[in-house]
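Shown next, in structure tokens, is the structure this report addresses.
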Amino acid sequence: MTAPLLFGLAILLAAVVPGPDFAMVVRNTVLSGRASGMWTAVGIGLGISVWVVATSIGLAALLAASALAFTAVKLAGAAYLVYLGIRSIRTAIKERRRPAAEIELDRPMRHWAAFRSGLMCNLLNPKAVVLFTALMPQFLVGGGSQPVLIGELAAVGMTVCGLFYIGLANLIGLLRTVLERPRVRAWLNGVTGTVMVALGLRVAAN
């Protein structure tokens, strides 16, 4: 059990550092409420398990070794973040231009849409390629494919990351009465949108 526990700690430390996944949970929770943030977290957690399996069978290493493939993932991830960021900024601009009394809360995001956004954000994050390519060999020791250990690491990574972001969504959800104020929502939409655009540009530039 030592390897899964240490792996879980490493995943937790990586999740705590704000990045695209962190920003996605914040964005969806602010826009559509706690449930959307939690489903986003579930999608991110599944993405972690996919990366564990992909790294274990060598796909992540091949992706990291191929300049063309790595660049494609990087640009796709950057474009996705910029696209979502611009959508948030446009929403903020529209809300700022309208009288507060006329601003209606957004319709709740469908659970599938929130889940999909979290999954896509994680899978299109090029830093995940680098992280898991460097991290997984430290835990996959010995001969064979070690399917049991791989399954344990995938489950631990998905659980730890998912629970962390579910906690984040619930923490933001506690501020619901404040976040539902039209002007506060407009400001937060602008901030989260700007952050996501900046993250996307940074991903593309690195």
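For all residues, glycine too, the Cβ spot is worked out from N, Cα and C.
What TrEMBL annotates here:
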TRANSMEM  6-26  transmembrane segment
TRANSMEM  38-61  transmembrane segment
TRANSMEM  67-86  transmembrane segment
TRANSMEM  119-141  transmembrane segment
TRANSMEM  153-174  transmembrane segment
TRANSMEM  186-205  transmembrane segment
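The transmembrane segment (38-61) and the transmembrane segment (186-205) are not in contact, since fewer than 3 Cβ pairs between them lie under 8 Å (pairs 6 or more apart in sequence).
Same-chain residues lying 6+ beyond the ends of the transmembrane segment (119-141) with a Cβ under 8 Å from its Cβ atoms: 3, 6-7, 10, 14, 19-21, 24, 43-44, 46-48, 50-52, 54-56, 60-61, 63-64, 70, 73-74, 76-77, 80-81, 149-150, 153, 203, 206. Same-chain residues lying 6 or more positions outside the transmembrane segment (6-26) and placing a CB less than 8 Å from one of its CB atoms are 37, 40-41, 44, 48, 77, 81, 84, 117-118, 121-122, 125, 127, 131, 135, 139, 153, 156-157, 159-161, 164-165, 168-169, 172, 192, 195-196, 199, 203. Taking Cβ pairs closer than 8 Å, the transmembrane segment (67-86) reaches residues 20, 23-24, 27, 117, 120-121, 124-126, 129, 192-201, 203-204, 206 in its own chain, all 6 or more past its ends.
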